[in-house]
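Per TrEMBL, the features are:
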- B:41-61: transmembrane segment (TRANSMEM)
- B:88-294: domain 'Cytochrome c assembly protein' (DOMAIN)
- B:95-113: transmembrane segment (TRANSMEM)
- B:120-141: transmembrane segment (TRANSMEM)
- B:174-194: transmembrane segment (TRANSMEM)
- B:206-228: transmembrane segment (TRANSMEM)
- B:248-265: transmembrane segment (TRANSMEM)
- B:272-291: transmembrane segment (TRANSMEM)
- B:311-330: transmembrane segment (TRANSMEM)
- B:314-638: domain 'Cytochrome c-type biogenesis protein CcmF C-terminal' (DOMAIN)
- B:393-412: transmembrane segment (TRANSMEM)
- B:424-442: transmembrane segment (TRANSMEM)
- B:448-468: transmembrane segment (TRANSMEM)
- B:492-515: transmembrane segment (TRANSMEM)
Amino acid sequence: MVFWTLAIAMTVCASAALYYASARRTVNASSAASAAPAMTAHLRLQLAEIEADLKAGRLDEAQAVAARAELAREVLRVEAESAPAVSLKGGRSVVALSSLGAAVLAFAVYAGVGQPNLPAQPLAQRPTLPAQMTMDEAVARIEAELERNPQDVRGWRAVAPAYMQMGRAPDAARAFRRILELAPVTADAEIDLAEALMVAQNGSFAGEPLELLTSAATRDPTNTRALYYLAGEATTAGRFAEAAERWQTLIDSAQGSENWLPAARQGLEAAITARDGMGADAGAVQQRVADLAARLETSGGTVAEWAQLVRSYLVLNDRSAAITAYQQAMLDHPDAGERIELDRLAADSGLLSAETRP
Amino acid sequence: MIIELGHFALVLAFALSVVSAIVGFTFRGSSAQVTLFLRHAALLQFLLVGAAFAALVQAFVVSDFSLALAYQHSHSLQPLLYKVTSVWGNHEGSMLLWVLILVLFGAAVAAFGRPLPFDLLALVLAMQGLMVAAFAGFTLFTSNPFMRMVPAPFEGEDLNPVLQDIGLAIHPPLLYMGYVGFSICFSFAIAALISGRIDAAWARWVRPWTLISWTFLTLGIAMGSYWAYYELGWGGWWFWDPVENASFMPWLAGTALLHSAIVMEKRNALKIWTVFLAIITFSLSLLGTFLVRSGILTSVHTFASDPTRGMVILTMLGLFIGGAFTLFAMRANALRAGGLFHPLSREGALVLNNLFLATATGAVLVGTLYPLVLDALTGQAISVGAPFFDLTFSALMVPLLILLPFGPFLAWKRGDLVGIVQRLAGAAALALFCAILVAALSGASISLAPLGLLLGFWVMFGAIAELVEKARFGRLPIGQSFRRLFGLPRTAYSTTLAHFGMGVTVIGIVAASAWEMERVVAMNPGDTQTLAGYTIGFEGLTEEPGPNFAAEHGTFAITAPGGGTRQAIAERRVYVASGQPTTEAAIETYGFSQVYIQLGEVAANGSHVVRLWYKPYVTLIWLGCVLMALAGFISLSYRRMRVAAPTPSRRKTVPAE
């Protein structure tokens, strides 16, 4: 009620101010009906300036005469085209209707978008949290609530991670499955369920979890959790080429400070070593590295490609080549912001002691 | 209740703007009372949006998380300043700030516009009303900052850590003042097109608004650049990021507008072109603010966007920009073309300036939008990066800067090139000397850098030479020259200062790009490195808790080549609510140069990756911008109306009276 009183008062003040300020009878000098007076006033100002400049010696006589002549031509033109006076009738009713219209429109719109009954809740004036409830008690309360209303997605969303934290993976899987049924399917929701099922299956992704992960990765190809789990799954399953590719995609998508990055790097290295050790002999590996180096040297490449080259040299135990490659990479990518991944690799493998900017 | 009252105030302002637009366009010439109504409505809109904004700030300050925006973008542990700046560190709040500045400018026109012919004022205010209606409507219906949450959460999700900086308090408001200020020029241009009337008085009204907007835009861009420089952690000051380009294009176009408005005010020429530029400039401002929110571009500045919002934004941009150009195409012929001038004259020089600036704007526009268009049409993703912009942009800027000192020397209407070359010879010689001296002192090898320096010094000394010439030093007794110097109008000083500032920025850019030194090292406490004569010792690491983050302080001791040791602290922070890490670089300024240290990640053996930079004369880049902005304010403070006298032709002039 207080709110509506204030809102109405605000509107009435605004409309009344508008009406009374605008509907006055006085027509002052500013309301001249055409541009001519304003324009001649402007030209008169300019004329005064010319005289002042002439007196101060900023203009000589010839220049002043030329400037005055220009002004005079302008005055003649303005006087010739000055518009006829316009009628001033009907203004009051337009103003009155407009003031009223604005007020009506305001209430109509606010009724649509506002929430007038919601009180303010500044943090300092709010009751403190219900005194330190234990996790078990909280979960029990939500469970009781869900018993009565199993359609409540928010309840399931609250209880599912709690189950995971408490080590009740099968319960968590049940809850995550319920969320998938009740809410629109998202990649994250699928991964949540896959995670819970994986824990319930003692760490194996076989069967449904893998299907869920693949579906999540198609739904959102940039989802790092899906990429991470799929890369890990490929590694454990022994599909090293696929694994290396997936780890690389994951690392490329990183900002540089994620907590899963070290694990991903180890995964990539393991996958590459395993892949190259299985398939080809050492000669073929060296050939591939040389090809890459030649390409990068002549036409440059991405930071990730340079990092791959440096990493390959390190695996081949050729430190000086790795340092040279790192220096070339720095020339190719002078912006340190792009290079975080590469600098990190160099620091980890002790390449930084060398002079870095050749 | 305060939140809802603020919400209501915004709705009321929206309603007033809708009514203003309708009434203004329908009854524009018919009654003085309608104009009075529009003026008061504009003032009221400012009061109401101001109240709405204040309500929002209040909710953030008391951490009222029943306001969804406060929950999403603030935290109860933030320092007071960041609670306030969090209000516009997000899409919805920054929209409200944009609208607030829009109504502020509308109110300013209403307050200062009394002397204007009332039909012109009615059209301008109606156009402002239409814009307020569109953008306040967009805010209310697609990005409402007053959305509530029931039940209210107990803690907020905190603001993006990169934004928790004093820069957020300064950069967006300044930038928006610049962007939105051009809306006034736009409205004046539309009013001129509709009424078919345009004259020197019109230009006189447009120029201060152009100046204010341009000055704030200059400061806003410079501040944004410096913020990126110290906050993003690798000392880059310009990235040709799409959003930077989006703010740079209105600046280029605005600079052109500023110069062509001078021609129009003083010489009554270039009228149609000025109107066109006013439309272009504000269109680019709109593009700058909104393209990034449409979800088309992604960059540091992108806020979370959803597709419907993007479509609404694009439609609005299309209507405003397309509508303005259609109106221009239909009505430009009705405007009377202005006075004539010889190609070799001050007017001609300013046309040349406009030509270069407009082309540069076009080049940046192409570089920014081409990848988007190509992607949309063929699905092929390409990236247009710094090399493209460096090449095309400098190819356009170098000739402009070479020609810059000549402009102010040329007389209006017709000029004398030979005489000017003679008078500028001194400045050229001095610039050559300084460039060689600085290049030699820096010990640089053969490169393009000395040529860049030459250009910078040429612009600086050319600007000063103009003052020397105006005071006739060497041709009049020295005392008389000084009297002339002090008698010069303030606009002469502001021209000199702005051009001088441009030269300073050029020198900063050249020196910092050519002679920057960088080193990436793994350091343990106790290690020492030397870079460009500076000895940098890593003294130790300490854990320091902040209000809403935990920080790791790396203390460094920097010993300058000339002796003297200073302590500098580089930080790594992890914010509690978001878990996001940021780095705060340690920056020490020596003269105009800076040593920049960034404490990086922990390497496998426990040492830290530390990035060290020496950036010679880097501060000149922003110092030059500040000088340019200062020149803007000086020129603004000078409100007298000086006529530019034409140089009479040789035949005898016949007085017109």
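Please read every residue number as a count from 1 along the shown chain.
Note that Cβ sites are derived from N, Cα and C of the backbone, with glycine treated the same way.
The list of residues near the transmembrane segment (B:311-330) in space but at least 6 beyond its ends in sequence, with Cβ under 8 angstroms from a Cβ of it, reads 131, 134-135, 138, 142, 186, 189-190, 193-194, 275-276, 279, 283, 286-287, 290-291, 293-294, 296. The transmembrane segment (B:95-113) shares the most Cβ pairs under 8 Å with B:120-141, out of the stretches B:120-141, B:174-194, B:272-291, B:448-468, B:492-515.
Non-local neighbours of the transmembrane segment (B:393-412) in the same chain are 266-267, 341, 344-350, 352-353, 356-357, 359-360, 363-364, 420, 423-424, 427, 455, 458-459, 461-463, 465-466, 469, 495-496, 499, 502, 506, 644-647; each lies 6+ residues outside the stretch with a CB under 8 Å from one of its CB atoms.
Counted over residue pairs 6 or more apart, the CB atoms of the transmembrane segment (B:272-291) and the transmembrane segment (B:248-265) come under 8 Å in at least three pairs, which marks the two as touching. Looking at B:41-61, B:174-194, B:206-228, the range that has the most CB pairs within less than 8 A of the transmembrane segment (B:248-265) turns out to be B:206-228. Remote same-chain partners of the transmembrane segment (B:492-515), defined as residues 6 or more beyond its termini with a Cβ less than 8 Å from a stretch Cβ, comprise 237, 401, 404-405, 408, 438, 442, 444, 447-449, 452-453, 455-464, 466-467, 470, 592, 615-628, 630-632, 634-635, 638. Through the fold, the transmembrane segment (B:174-194) approaches residues 94, 97-98, 101-102, 105, 108-109, 120, 123-125, 127-128, 131, 202, 205-206, 209-210, 212-221, 223-224, 247, 250-251, 254, 257, 275, 278-279, 281-283, 285-286, 288-289, 324, 327-328, 331-332, 335 of its own chain, all at least 6 residues removed from its boundaries and within a Cβ separation under 8 Å. Packing against the transmembrane segment (B:41-61) from elsewhere in the chain are residues 2-3, 5-7, 9-10, 12-13, 16-17, 19-20, 67, 69-70, 74, 80, 83-84, 86-87, 93, 96-97, 99-100, 103-104, 106-107, 109-111, 125, 128-129, 132, 136, 145-146: each is 6 or more residues past its ends and has a CB under 8 Å from a CB in it.
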